[in-house]
Amino acid sequence: MRVILIVPIGYIPEWLIKDVAEFVDSYYSRRGVSVKAGDSLSESLFLSAYHPFRRQFLGGAFLPTLSEIGRRAGALATVGITKVDLYEKGMNFVFGVASEKLRSAVVSIHRLRPEFYGRPSNDELLIERTVKEVMHELGHVFGLSHCPNVRCVMHFSNSVDDTDIKLPYYCPNCERKLLRNLEVVL
(Lines of atoms letter the chains of each structure in order from A; the text may use other names.)
(Lines give C-alpha, C1' and ligand atoms only; values in the text may rest on other atoms or scores of the structure.)
Protein backbone atom coordinates (compact mmCIF):
# COMPACT_ATOMS: atom_id res chain seq x y z
CA MET A 1 0.00 0.00 0.00
CA ARG A 2 1.30 3.49 -0.87
CA VAL A 3 1.80 6.02 1.93
CA ILE A 4 1.03 9.68 2.60
CA LEU A 5 3.44 11.13 5.17
CA ILE A 6 2.25 13.80 7.59
CA VAL A 7 5.28 15.63 8.95
CA PRO A 8 5.22 18.04 11.91
CA ILE A 9 7.42 21.11 11.40
CA GLY A 10 8.53 22.60 14.70
CA TYR A 11 6.44 21.81 17.75
CA ILE A 12 3.03 20.52 16.77
CA PRO A 13 1.09 18.67 19.50
CA GLU A 14 1.27 14.91 19.03
CA TRP A 15 -2.50 14.59 19.52
CA LEU A 16 -3.11 16.95 16.59
CA ILE A 17 -0.87 14.98 14.22
CA LYS A 18 -2.42 11.70 15.43
CA ASP A 19 -6.02 12.85 15.00
CA VAL A 20 -5.40 14.44 11.60
CA ALA A 21 -3.51 11.37 10.36
CA GLU A 22 -6.30 9.06 11.57
CA PHE A 23 -8.99 11.05 9.75
CA VAL A 24 -7.01 11.32 6.51
CA ASP A 25 -6.18 7.60 6.74
CA SER A 26 -9.87 6.74 7.22
CA TYR A 27 -10.55 8.33 3.83
CA TYR A 28 -7.47 7.43 1.80
CA SER A 29 -6.98 3.86 3.11
CA ARG A 30 -10.22 2.90 1.33
CA ARG A 31 -8.51 4.06 -1.85
CA GLY A 32 -5.32 2.04 -1.41
CA VAL A 33 -3.23 4.69 0.36
CA SER A 34 -2.29 4.62 4.04
CA VAL A 35 -1.31 7.64 6.13
CA LYS A 36 1.43 7.78 8.73
CA ALA A 37 3.18 10.44 10.76
CA GLY A 38 6.77 11.20 9.84
CA ASP A 39 9.57 12.49 12.03
CA SER A 40 9.39 16.12 13.09
CA LEU A 41 11.43 18.70 11.17
CA SER A 42 13.06 21.77 12.66
CA GLU A 43 11.63 25.14 11.64
CA SER A 44 15.26 26.25 11.21
CA LEU A 45 15.35 24.33 7.90
CA PHE A 46 13.03 26.99 6.49
CA LEU A 47 14.54 30.22 7.86
CA SER A 48 15.42 31.36 4.33
CA ALA A 49 11.66 31.47 3.63
CA TYR A 50 11.07 34.04 6.39
CA HIS A 51 10.03 37.55 5.35
CA PRO A 52 10.87 39.85 8.30
CA PHE A 53 8.67 42.75 7.19
CA ARG A 54 5.60 40.49 6.87
CA ARG A 55 6.62 38.24 9.80
CA GLN A 56 5.52 35.29 7.67
CA PHE A 57 7.10 32.39 5.81
CA LEU A 58 6.76 31.84 2.06
CA GLY A 59 4.71 28.64 1.93
CA GLY A 60 6.02 27.35 -1.39
CA ALA A 61 9.57 27.33 -0.02
CA PHE A 62 8.65 24.38 2.24
CA LEU A 63 7.62 22.13 -0.62
CA PRO A 64 10.98 21.01 -2.10
CA THR A 65 12.25 19.84 1.31
CA LEU A 66 8.99 18.00 2.03
CA SER A 67 9.09 16.48 -1.44
CA GLU A 68 12.63 15.20 -0.90
CA ILE A 69 11.69 13.67 2.47
CA GLY A 70 8.76 11.93 0.81
CA ARG A 71 10.91 10.72 -2.08
CA ARG A 72 13.46 9.20 0.30
CA ALA A 73 10.69 7.47 2.26
CA GLY A 74 9.01 6.18 -0.90
CA ALA A 75 5.86 8.15 -0.04
CA LEU A 76 3.15 8.96 -2.55
CA ALA A 77 2.78 12.44 -1.01
CA THR A 78 4.08 14.43 1.95
CA VAL A 79 2.19 17.06 3.96
CA GLY A 80 3.96 19.27 6.48
CA ILE A 81 2.04 20.85 9.35
CA THR A 82 3.53 23.99 10.88
CA LYS A 83 2.51 26.65 13.38
CA VAL A 84 4.23 29.50 11.50
CA ASP A 85 2.15 31.96 9.48
CA LEU A 86 2.36 31.37 5.72
CA TYR A 87 1.90 33.59 2.69
CA GLU A 88 2.23 33.33 -1.06
CA LYS A 89 3.05 36.14 -3.45
CA GLY A 90 -0.04 38.26 -4.06
CA MET A 91 -1.84 36.97 -0.96
CA ASN A 92 -1.95 38.30 2.61
CA PHE A 93 -1.83 34.77 3.99
CA VAL A 94 -2.58 31.16 3.09
CA PHE A 95 -3.75 28.25 5.21
CA GLY A 96 -1.72 25.95 3.00
CA VAL A 97 0.13 25.45 -0.27
CA ALA A 98 0.53 22.36 -2.47
CA SER A 99 2.38 21.19 -5.55
CA GLU A 100 1.13 18.38 -7.74
CA LYS A 101 4.53 18.16 -9.43
CA LEU A 102 6.44 17.89 -6.13
CA ARG A 103 3.72 15.74 -4.50
CA SER A 104 4.00 17.83 -1.37
CA ALA A 105 2.00 20.34 0.64
CA VAL A 106 2.27 22.40 3.80
CA VAL A 107 -0.56 23.52 6.11
CA SER A 108 -0.26 26.20 8.77
CA ILE A 109 -2.29 26.01 11.97
CA HIS A 110 -1.38 29.63 12.80
CA ARG A 111 -4.70 31.09 11.58
CA LEU A 112 -6.69 27.92 12.22
CA ARG A 113 -6.36 28.34 15.99
CA PRO A 114 -9.38 30.09 17.57
CA GLU A 115 -6.96 32.10 19.76
CA PHE A 116 -5.75 33.93 16.63
CA TYR A 117 -9.22 35.53 16.47
CA GLY A 118 -9.38 36.31 20.21
CA ARG A 119 -11.47 33.24 21.03
CA PRO A 120 -10.78 30.59 23.67
CA SER A 121 -8.61 27.63 22.73
CA ASN A 122 -10.65 24.76 21.24
CA ASP A 123 -8.73 21.60 20.38
CA GLU A 124 -11.67 19.94 18.59
CA LEU A 125 -12.16 22.96 16.33
CA LEU A 126 -8.42 23.09 15.60
CA ILE A 127 -8.45 19.40 14.64
CA GLU A 128 -11.50 19.89 12.40
CA ARG A 129 -9.99 22.90 10.62
CA THR A 130 -6.61 21.22 10.21
CA VAL A 131 -8.23 18.08 8.77
CA LYS A 132 -10.10 20.18 6.22
CA GLU A 133 -6.99 22.05 5.13
CA VAL A 134 -4.89 18.87 4.89
CA MET A 135 -7.62 17.17 2.81
CA HIS A 136 -7.82 20.32 0.64
CA GLU A 137 -4.08 20.46 0.00
CA LEU A 138 -3.93 16.71 -0.71
CA GLY A 139 -6.65 17.29 -3.28
CA HIS A 140 -4.32 19.77 -5.00
CA VAL A 141 -1.40 17.32 -4.74
CA PHE A 142 -3.57 14.78 -6.57
CA GLY A 143 -4.60 17.19 -9.31
CA LEU A 144 -7.82 18.79 -8.07
CA SER A 145 -8.51 22.49 -8.51
CA HIS A 146 -10.81 24.70 -6.44
CA CYS A 147 -14.49 23.76 -6.41
CA PRO A 148 -17.45 26.17 -6.53
CA ASN A 149 -19.40 23.99 -4.04
CA VAL A 150 -19.04 25.81 -0.68
CA ARG A 151 -19.50 22.52 1.22
CA CYS A 152 -16.75 20.69 -0.70
CA VAL A 153 -13.36 20.50 0.98
CA MET A 154 -11.86 21.76 -2.31
CA HIS A 155 -13.68 25.09 -2.04
CA PHE A 156 -11.20 27.97 -1.66
CA SER A 157 -11.04 29.33 1.89
CA ASN A 158 -10.65 33.09 1.81
CA SER A 159 -11.15 33.16 5.59
CA VAL A 160 -11.48 30.72 8.46
CA ASP A 161 -15.26 31.14 8.17
CA ASP A 162 -15.05 29.51 4.72
CA THR A 163 -13.10 26.63 6.27
CA ASP A 164 -15.74 26.24 8.97
CA ILE A 165 -18.60 26.09 6.42
CA LYS A 166 -17.14 23.34 4.27
CA LEU A 167 -17.16 19.64 5.07
CA PRO A 168 -13.97 17.57 5.39
CA TYR A 169 -14.91 15.55 2.29
CA TYR A 170 -14.75 15.90 -1.48
CA CYS A 171 -18.05 16.54 -3.28
CA PRO A 172 -19.15 13.86 -5.80
CA ASN A 173 -17.55 15.71 -8.74
CA CYS A 174 -14.21 16.19 -6.98
CA GLU A 175 -14.35 12.62 -5.63
CA ARG A 176 -14.70 11.26 -9.20
CA LYS A 177 -11.75 13.35 -10.41
CA LEU A 178 -9.66 12.34 -7.39
CA LEU A 179 -10.32 8.62 -7.88
CA ARG A 180 -9.44 8.91 -11.57
CA ASN A 181 -6.22 10.75 -10.71
CA LEU A 182 -5.30 8.26 -7.96
CA GLU A 183 -5.67 5.38 -10.44
CA VAL A 184 -2.92 7.00 -12.53
CA VAL A 185 -0.45 7.50 -9.65
CA LEU A 186 -1.07 4.17 -7.93
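Using the three backbone atoms N, Cα and C, a Cβ is placed for every residue, glycine included.
These features come from Swiss-Prot:
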type	residues	note
ACT_SITE	Glu137	active site, proton acceptor
BINDING	His136, His140, His146	Zn(2+) 1 binding site
BINDING	Cys147, Cys152, Cys171, Cys174	Zn(2+) 2 binding site
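All features noted in Swiss-Prot, drawn onto the structure.
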| residue | record | DSSP (3 states) |
| --- | --- | --- |
| His136 | Zn(2+) 1 binding site | helix |
| His146 | Zn(2+) 1 binding site | coil |
| Cys152 | Zn(2+) 2 binding site | coil |
| Cys171 | Zn(2+) 2 binding site | coil |
> What other residues of the same chain, not counting His136, His140, His146, have a CB atom within 8 A of the CB centroid of the Zn(2+) 1 site?
Replying inline: Ala98, Glu137, Gly139, Leu144, Ser145, Cys147, Val153, Met154, Phe156
> If one measures from the C-alpha of Glu137 (active site, proton acceptor) to the C-alpha of Cys147 (Zn(2+) 2 binding site), what distance in angstrom results, rounded to a whole number?
Replying inline: 13
> Reported as an integer number of Å, what is the Cα distance between His146 (Zn(2+) 1 binding site) and Cys174 (Zn(2+) 2 binding site)?
Replying inline: 9
